[in-house]
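Before any comments, here is the structure.
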Amino acid sequence: MHAYRSHTCAALTAANVGETVRLSGWVHRVRDHGGVLFIDLRDHYGVTQVLCDGDSAAFAALEKVRSEWCIRIDGTVKARDADLVNPKLPTGEIEVYVRELEVLGRAEELPLMVFGDQEYPEETRLRYRYLDLRREAMQANMTLRSDVVASMRRRMWDKGFREYQTPIITASSPEGARDFLVPSRLHPGRFYALPQAPQQFKQLIMVSGFDKYFQIAPCFRDEDPRADRSPTDFYQLDLEMSFVTQQDVFDTIAPVLAGVFEEFGGGRKVDAPQDWPQIAYADAAKWYGTDKPDLRNPIKMQDCSEHFRGSGFAIFAKLLEQEGTEIRAIPAPTGGSRKFCDRMNAFAQKEGLPGMGYIFWRDQGEGLEAAGPLAKNIGPERTEAIRQQLGLGVGDAAFFLGGKPKSFEKVAGKARDVIGAELGLTETDRFAFAWIVDFPIYERDEETGEIDFEHNPFSMPQGGMEALNGDPMAVRGYQYDLACNGYELVSGAIRNHKPEIMLKAFELAGYGADEVKARFGALFNAFHYGAPPHGGCAAGIDRIVMLLADEANIREVMMFPMNQRAEDLMMQAPSEPSSDQLMELGLRVILQD
């Protein structure tokens, strides 16, 4: 017999009754029934009930074991009495009578219990992550993650892609976040960087003549943490292809992701890839207040400025006299009660706005009546025009925000989400995907007037050099994101592979030719040697698994995540370097006040 086990703790069934077996695992739960000890023995695969009484030579030793001790038992498989069968367990028809016990590892008093559903502070869970990971939900999440990655790999290989690894230590590159710098011992005063993404390398792979690349790539970014983002590192399904259009990229990655969500989505509806809408970035902001809309929510915001221009509601009327302002309406079907309207108004105030105007419609017997402060100020003709434009009726409401769109769109998007959730409009058993396209390449700083890249600096401008010679703020890129249920899952672009267009694009953002060559020298030089048109994207594995696991926090699907302050409490990172380490690297630490 094997030194530790003949079966896993999920393998034994009624067919094994009478066999002598060996199991190893953790003591999940101990129950003393008056001289008979019952132990739920757990391993990665499942749970088996084992028992022991005073007739067994192992009884005295088994009395001493406690939760989370790691033990090995030898025993005989017995059938449970019919009234004691547990249909919820694969091993629920049997139990193992213990004849021999070996303690493989004792456990001290536990800082958190593995058994049960008790909640613990995240700090405790992360400090003792190896215990937290023993919990059933965490085991399921990590297994799901492994299965998702394996499925992605298989699907990419089936599409003719090959997996190539790119360097983990490279040069610093401005790609939208702060780099993690690594000092060089051999080159004092110089630094490597951990890659924010394999961006330049995967493009160089295309220039090298490889047609289809992918990898499960680690990425490192020094970012502020969020519930859906790690502050230090994450993994992505990274891919790139030569001789492709934007639609080719969509047609490649969409079936892969749809297949993964169908395979692991637990029966939730997955929109077919051909039904994933392509929404312009400007329209996404206008309709949903975000470039990662949750399309499970049917609410679409609309511009209602004309109904307030010159109206009796002075706040909006005067606002519209300013250039670049508008009034945006958020329809709220079934939200037509003063209580709900007041609650949403309070929500806007918590978000830092003065409030939200609202109108709700009710049946007054003789016909439809518009109610609320706005309705009183703008009159029945305007409120009726608004109602018809928004397609609302009795029992419905509409909320209004005004100003320059960038000043209120974020709050409007949040309000749309809250309205959809509270009114039961948002589907909960569906994965709704949408491509966001036509991203602006540039943005202008309102204070300085300077132009900088709004998104990926490596994307090909629509219209090429001719577009760059016109108004920079009108230039759109062959750049795209894929949103699902309010999260950005994929980001990508058709790349700018022509050196003269690359120089012009960076020039408009204030980068001189020398700086471009210094920062992106390898890529810039490679483009002088017959670079093919190419494009690709990257899908965030952590967020995908988070959605599939129905978790609200990305740390629930990462094996050893950092906390909100970018600290690893278990490994005590970041740590202070020793004086010898600093001396060897030619560094000294200067702490700023």
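Including glycine, each Cβ sits where the backbone N, Cα and C put it.
Of the listed candidates (Glu163, Glu488, Glu584), Swiss-Prot assigns Glu488 to the same ATP site as Arg221, Asp222, Glu223, Gly540, Ile541, Asp542, Arg543. As stated in Swiss-Prot, the feature region 'Aspartate' covers range 199-202 out of the listed 87-90, 119-122, 123-126, 199-202.
Around the Cβ of Asp222 (ATP binding site), the same chain contributes Ala177, Arg178, Asp179, Phe180, Pro231, Thr232, Ala566, each under 8 angstroms and 6 or more positions distant in sequence. Considering only the recorded positions His33, His455, Arg495, the residue whose Cα is spatially closest to the Cα of Arg543 (ATP binding site) is His455. Checking each of the recorded positions His33, Arg221, His455, Arg495 against Ile541 (ATP binding site) by C-alpha distance, the shortest gap belongs to Arg221. There are 26 other CB atoms within 10 A of the CB of Arg495 (L-aspartate binding site), with all protein chains counted.
All protein chains shown were included, and the count of other CB atoms within 10 Å of the CB of Asp542 (ATP binding site) stands at 21. Of the recorded residues, Glu488 (ATP binding site) and His455 (L-aspartate binding site) place their C-alpha atoms 14 Å from one another.
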